[in-house]
Every structure is written in structure tokens, then in C-alpha cells.
Amino acid sequence: MSAKDNGVPSGQSAKQDQLDQFRSDATDQPMTTNMGLKVNDAGNSLKAGIRGGTLLEDFWLREKINHFDHERIPERIVHARGSAAHGVFELYEAIPQFTKAGIFNDVGRKTPVFTRFSTVAGSKGSPDLARDVRGFAVKFYTEEGVWDLVGNDIPVFFIQDAMKFPDLIHSVKPEPDREIPQAQSAHDTFYDWVSLTPEALHNHIWVMSDRGIPRSLRMMQGFGIHTFRMINDEGVAHFVRFHWNPVQGTHSVTWDEAVKINGADPDFHRRDLWDAIDAGQFPEWELGLQIIPEEDEHKFDFDLLDATKLIPEEMVPLQVVGKMTLNRNPDNFFAETEQVAFLPTHLVPGLDFSNDPLLQGRLFSYRDTQLSRLGSVNFEQIPINRTLAPNHNDQRDGHMQMSVPKGKTAYFPNTLGGGCPFLTSQKEGAFESYTERIDGNKIRARSESFVDYYSQPALFYRSLTDWEKAHTADAYTFELGKCTYPHVQKRMLYQISQIDEALAQQVAEGLGLEVPDSVDGPVNQAISADADVEKMQPPKKKIYLDKSDALSLTFRMGSKGIATRQIAVLAADGFDAEDFTAMTDKLKAENAVVKIVAPHGGTITCSKGHDHEVFSGIMMTESVLFDAVYIPGGKKSVDALLKKAKYKKFVDEAFMHCKAIAVDGEGIQLLKATHVGEYMDDDKAVFVDGKPQAFVDAIAQHRNYDRMEVAKMVPA
Ligand code: HDE
């Protein structure tokens with residue numbers, strides 16, 4: 001397939017040129033065997049007589065079945081469900097004072113990227129709207145080599161030390177006896193573990209907030225999480241944390257929508273990303289850096305090496321240095337999205353790790369996992385993984401070796417091969433690990449500076465708006481309501497009470513339980529038989545910042561407009577052509593996606609007698625798949641809508657989910673037949689009679705959460 005698809009010209013990047021060598025296109029080509037033998041029958045095996053047994057000789061049948069039998073590879077142990085796209089990273093300003101990395105110095109460069117988003121817990125076929133962390137992994141194909149920034153959409157992680165990762169994942173994955181539940185944290189083993197592991201509470205409260213259910217992969221932030229290092233030409237290092245901020249704004253759905261979307265369109269996020277790129281509405285993220293001089297390492301109330309702590313933007317502001325644009329869908333899901341292998345150890349000169357014990361463990365895990373997933377030490381030769389930098393060394397052979405190294409020598413040093421490949425110095429561009437002075441005892445323990453588990457979840461909760469707080473309380477209640485062991489529920493309530501008393505109280509009420517004053521045994525269970533458990537108990541909450549506005553979704557909620565927003569037009573034969581044109585012309589001019597939802601599929605006719613294509617019959621779609629609803633006038637049309645109860649449910653649900661609704665003419669009759677009629681007068685996102693601009697502005701706000709209290713009254 002040519003790289004011209006999706007409107008992106010071939011040769012747009014060096015990576016696309018490289019991939020072009022591997023792309024194949026069957027258009028106008030005859031079918032052949034793997035060896036290029038032309039084939040004249042794809043439906044009958046070779047038999048001994050027309051009704052006789054199949055012959056072993058049938059190499060074509062065997063090749064086809066044999067290939068099929070081996071089509072599957074193991075799914076990723078975590079982040080199995082994912083979607084990806086190609087794009088480009090462009091630098092706004094050079095930062096040689098911090099790093100010598102070419103990608104952060106050459107302002108003219110367009111570095112090709114491949115970015116994969118994922119959920120963590122679910123299997124490859126699980127629904128997109130699971131309440132979960134999202135992976136946000138970016139592969140930069142830089143001139144100096146591949147740099148993988150393998151992050152998440154939440155700025156902190158569940159655990160502080162890699163040693164606990166298998167425990168975390170075993171607790172959240174389906175329970176081993178029954179293999180349920182799929183793609184859900186709401187079950188006993190997970191809460192048994194979280195309630196015993198208070199370091200998990202910070203990440204966990206983010207997941208319980210609306211961050212756990214994004215509206216779109218295009219509308220979430222990304223974070224490198226760990227503290228990394230940047231090193232400049234003089235060898236001076238700064239600590240750095242990476243942030244991706246979506247130009248589309250940060251938006252989430254409500255839990256009720258998430259549950260329904262998972263049924264109505266389990267591929268909602270994957271489809272949304274694909275459709276936006278396909279329509280030329282390329283998603284963008286700005287890259288922000290939090291830079292900390294090495295001498296400031298111990299200036300904070302928390303440890304920079306602790307991946308369960310964020311650095312509030314109020315304490316270290318972001319320096320925005322560049323932008324990533326995703327502008328091309330993959331040609332083949334398996335070849336690209338499934339086979340892409342991200343490794344935190346893929347990095348380039350000018351960048352380095354820190355001693356974060358979680359990051360250190362990751363440096364082992366990713367190469368290891370690719371070996372069982374992709375099956376060979378040569379996985380970096382798969383087209384999507386190949387570097388653009390010339391690469392030569394003495395590593396040889398192995399399963400599926402794709403290159404043909406020439407020459408007699410595969411060892412170093414040598415004279416028979418002219419001393420090649422030869423070594424280079426740092427000055428000539430070689431990577432060298434940062435020289436860090438280490439002086440300490442070899443010890444299997446955790447630093448006491450990591451023992452503060454409640455201050456930051458409390459800061460997060462304090463920083464939320466009222467509606468975010470309410471959603472978070474509902475999420476805790478839902479999740480704990482799925483647990484069947486009262487002692488697990490109570491221990492968890494105790495942990496929540498350490499974050500915020502009122503929050504715990506609210507959750508306890510929903511569960512019909514009391515918040516315990518204490519729980520049996522230490523809340524931070526001994527992780528080492530020799531640990532002084534009492535010493536490792538969380539200290540009193542610190543309040544080093546009253547509030548951090550940047551932690552609320554609302555901080556980056558403002559969208560540039562309503563491009564790609566899905567607008568349902570509820571209409572039937574006879575709808576008013578003038579209303580419709582005035583409204584939909586405006587919406588289309590703003591690049592929103594206008595979709596007619598009619599009583600049936602096919603076409604419907606407007607008041608002027610023109611046919612209009614229907615996107616979906618009302619019985620084949622759901623309100624939750626749209627961002628806003630418009631009902632044009634026209635008595636005949638509205639009368640037809642009123643005859644189908646599903647339209648009332650559609651409108652009620654849109655209202656309940658705080659979406660913008662606009663009606664023209666007789667369209668108001670449908671509103672009056674729903675619960676919206678009772679509440680619409682004071683609502684700032686329900687528009688009666690021709691207010692296209694106001695409607696557009698309300699859609700750009702994403703939701704009218706001021707409506708939340710009355711929306712709760714709507715039984716939809
Ligand atoms: Fe991962 N993680 N992880 N992780 N992770 C994997 O690697 C692991 C962690 C993240 O789209 C695996 O290729 C350990 C933090 C993303 O292909 C595996 C630890 C962060 C992806 C693995 C962590 C991440 C992975 C599974 C604790 C955010 C998907 C398949 C020490 C900063 C990448 C694979 C993609 C994938 C191990 C913790 C993000 C098993 C041991 C922290 C986005 O190697």
C-alpha cells in the first residue's frame with residue numbers, strides 16, 4: 001500500500017520512506033503462494049477423487065492452514081489493548097543549556113514518531129472505556145537513534161519499586177480461579193492489595209476520578225512519570241519530567257456513559273482516533289518539561305525518585321518546547337501497532353535515567369518481554385521498530401535475522417575486519433552513561449523519604465471541582481461495592497479516610513458501612529520480613545500546597561473549537577430544511593461531524609423535498625456515542641420522532657450526561673416530552689430556536705457540569 005493514503009504524501013518522513021520498502025499492495029496483483037507461484041483456486045483442497053480424501057501433497061492447502069495456525073503471538077502482559085498512529089515531533093525552541101540531544105536542539109527537524117495508546121489491565125479485545133490508566137508510549141525515530149518515552153496518562157504510578165509490579169498486576173488482572181472480571185479493577189483481589197499498599201493510593205484516586213475514563217485518546221495528557229536526566233554538552237545534568245498536553249483539551253466521559261459506550265461501541269477510542277486522523281483532523285500534544293537543577297534534588301517535601309509523587313506545576317512550571325502531531329493511521333494493525341516494541345532503554349545521547357527504583361526495574365523488563373512476545377532477539381529489525389540511524393555491531397544470527405552482514409569478523413577487537421565496526425568518543429556522538437557519584441551500602445530496603453502516602457492524594461482531591469469530587473466518590477462506591485469481603489472494604493475505607501474524611505464518609509454511606517477509626521495491623525504491611533514496620537508507617541499528611549489547579553481536568557479543558565465532535569441530528573421525513581441548513585452549515589464550518597439519526601436507515605426527505613443520507617437508524621445507535629444533540633423543526637418530522645420512545649431516551653441521556661442540546665421550531669415538542677422539558681429553562685446548554693453560535697460555544701465547553709444536580713433526577 002502506498003504511503004499516499006490518508007492524504008499524507010509519501011516521503012513525508014525518513015521513517016515513512018523506510019517503511020515504504022516493506023509495504024506491500026495487492027491491488028491489481030494475482031494471488032500467489034508465499035513463493036510467488038500463481039494460484040487458480042482458493043476454495044478447494046487437492047483430493048483423491050471428487051469425493052475422496054485430501055492429499056498430503058497439497059502444499060498450497062498446507063501453507064495456507066499452517067500459516068493460519070501460527071497467526072497469533074502472545075498479547076502484552078499489560079497494555080494489551082492499544083491503538084497507534086504515526087506522526088511528527090517539532091521543536092519550538094532549542095534547549096542546549098539542558099541537553100545535547102539533537103531532537104531538542106535542531107529546531108528545523110521533524111522527527112518521525114509512532115505513538116501507541118493503551119489500557120493497562122484488559123486483554124487485547126477488551127472494551128475501550130474501562131476505568132483504567134492509559135498508556136501513552138511515543139517512539140521518536142531520531143537521527144541519533146530511537147528514543148522511546150513510554151509513559152501513561154496519569155502523572156504518578158501505583159508503586160515505588162519494580163519488585164511490586166507482578167503483585168500489582170496479578171491483583172488487578174482477572175482472578176486466577178474464575179478468570180473474572182475482565183478489564184476491571186472493581187474486584188476483591190485488587191482492593192485487598194491496594195488497601196494493604198498505601199503507596200498505590202495516589203495513582204488510584206486519579207483513576208477513580210474522571211481521568212480514568214477519557215472522552216478520547218486525543219483528549220488526555222501524557223506523562224513520562226519518572227524523573228529522568230538531561231545532559232548538556234559540558235556534561236552538566238538536570239533532572240527532568242516530561243508532560244504531553246493535548247491541544248484538543250482534556251475531557252472525560254461520565255461513568256454512566258462509559259458503561260453504555262462499552263456496549264454500544266467497544267472500539268469507541270480506537271475508532272475516534274482513526275476517524276479523526278482519517279478526516280485530516282490531526283491530534284496534537286505540546287511537550288512540556290519540568291526541569292530541576294541537580295543541586296535542588298533535596299529541596300522538595302517528597303523524593304524526586306519516587307514515581308508515586310508528582311511535582312506540582314505551581315512549584316516547577318512547565319517549559320513548553322515542542323509539539324507532536326499524529327497525521328497518519330497505520331496501514332496494518334498487526335505489523336505496526338501490535339509488533340511495535342517500546343523500551344525505556346531506547347534513548348539517545350543527552351538523555352539518561354535517574355535512580356528511581358521503578359524505572360530501574362523497567363530497564364530490565366521491556367527487552368525481556370519482547371523476547372517472549374515477538375519471539376526473537378531480532379525484534380528491533382521489524383520494520384516499525386527499525387532505527388533510522390545507521391547501525392552496526394557484532395551481534396549475529398538468531399531467529400529471523402533479516403540483515404545479511406558481510407565480512408569475516410564478528411568480534412572486537414579485530415584486525416581482519418579492519419577494526420570495524422569501530423568505537424567513537426562522546427565528542428563524536430557516542431552515548432555515555434552520566435557519571436554519577438555513588439557512595440552507599442548495598443541494601444534491600446526503601447528510603448524513608450518515600451514514606452508519605454497521603455499528602456499527594458489529598459492534594460489531588462482538594463484540587464478537584466465539586467463535580468469531579470462527586471464523580472470520584474461515586475467511583476469509589478461503585479468499585480468497593482463490587483468487593484465481597486467486608487474486611488477489605490473497611491480497610492479501604494480506612495485508607496480513603498486518611499486522604500479525606502468526608503470522602504470516606506460519603507463512600508461508606510453508599511456502601512452502608514462505617515468508616516473504621518483503625519484497622520487490624522499496620523496499614524502498610526511489611527514488605528520485608530526484616531523491615532521496621534512501625535518506622536515505615538505513613539507520617540501525618542503534609543500540606544505544602546493548598547491546591548494545585550493543574551490537577552483538575554478543568555485546567556486544560558478549553559478546546560480550540562468543536563472539530564471532530566459528533567453531533568446527532570434527530571430528524572425524520574419532513575424536517576425543516578432551513579433550520580437544518582443554518583445549524584448544520586455552522587457546525588460543519590467548525591469541522592464538527594454531523595450525523596442524522598432517523599427512524600430508519602437509508603435516506604430521509606426534508607421540507608424542500610431533498611434526500612439526506614441517514615447516518616444510523618435510531619435503533620442501531622445510542623446517545624452516548626455523541627457529544628451533542630440537535631433537533632430541527634418540521635411538524636411531520638417531530639411527530640414521527642415522538643412515536644418512537646427511544647428518541648426520548650436519547651434526549652434524556654444527553655441531558656443527563658450534561659451535553660449541549662439545541663432545538664428549532666417544533667423540535668421543542670420532543671424536549672417537552674422528555675425530562676429535559678422540566679429543567680431546561682435555567683440551563684445554559686439547552687438552546688431553543690436558532691442559536692448556532694451559542695450551541696457551538698457550549699459544545700466547545702464539552703459539558704455543562706453545572707447541570708449535574710438536576711441531571712441526577714433524570715431516570716435514563
Ligand atoms: Fe510498563 N510494561 N512496566 N509501565 N508499560 C509494559 O512491555 C513494566 C510502568 C507502559 O504500547 C510491558 O512491551 C514494569 C510505568 C506502557 O507497547 C512490560 C514496570 C509506566 C506500556 C512492562 C512498569 C509504564 C508498558 C508489557 C514496573 C509509565 C505499553 C508489554 C517496574 C511511566 C507500551 C511491553 C506499548 C508495557 C513492564 C511500570 C508504561 C511487561 C516491570 C511506571 C505505556 O515490559
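Placement of Cβ uses the backbone N, Cα and C atoms for every residue, glycine included.
Nobody curates TrEMBL annotations by hand; they come from automatic prediction.
What TrEMBL records for 1-38 is region 'Disordered'. Here TrEMBL flags 17-26 as compositional bias 'Basic and acidic residues'. As annotated by TrEMBL, domain 'Catalase core' applies to 32-420. Residues annotated as heme binding site in TrEMBL: R76, R116, F165, R362, Y366, R373. Here TrEMBL flags H79, N152 as active site.
Distance from the CA of H79 (active site) to the CA of F165 (heme binding site) is 13 Å. A strand conformation is recorded for R116 (heme binding site) in the three-state DSSP classification. If you take the C-beta of Y366 (heme binding site) and look for same-chain residues 6 or more apart in sequence within under 8 angstroms, you find V150, A341, F342, L343, P344, T345. It is 14 Å from the Cα atom of R362 (heme binding site) to that of N152 (active site). With DSSP classes pooled into helix, strand and coil, the tally for the compositional bias 'Basic and acidic residues' (17-26) is 4 helix, 0 strand, 6 coil. Taking Cβ-Cβ distances under 8 Å and a sequence gap of 6 or more within the same chain, the neighbours of R76 (heme binding site) are G82, S118, K124, T369, R373. Of all the Cβ atoms in the protein chains shown, 17 others lie within 10 Å of the Cβ of R373 (heme binding site).
Taking every pair among R76, R116, F165, R362, Y366, R373, the residues recorded as binding heme, the greatest CA to CA distance is 21 Å.
Long-range neighbours of N152 (active site) (same chain, six or more residues apart, CB within less than 8 Å of its CB): V133, R134, G135, F136, G222, F223, I225. Neighbour density at the Cβ, taken as the number of other Cβ atoms within 10 Å, is lowest among the recorded positions H79, R116, R362 for R362.
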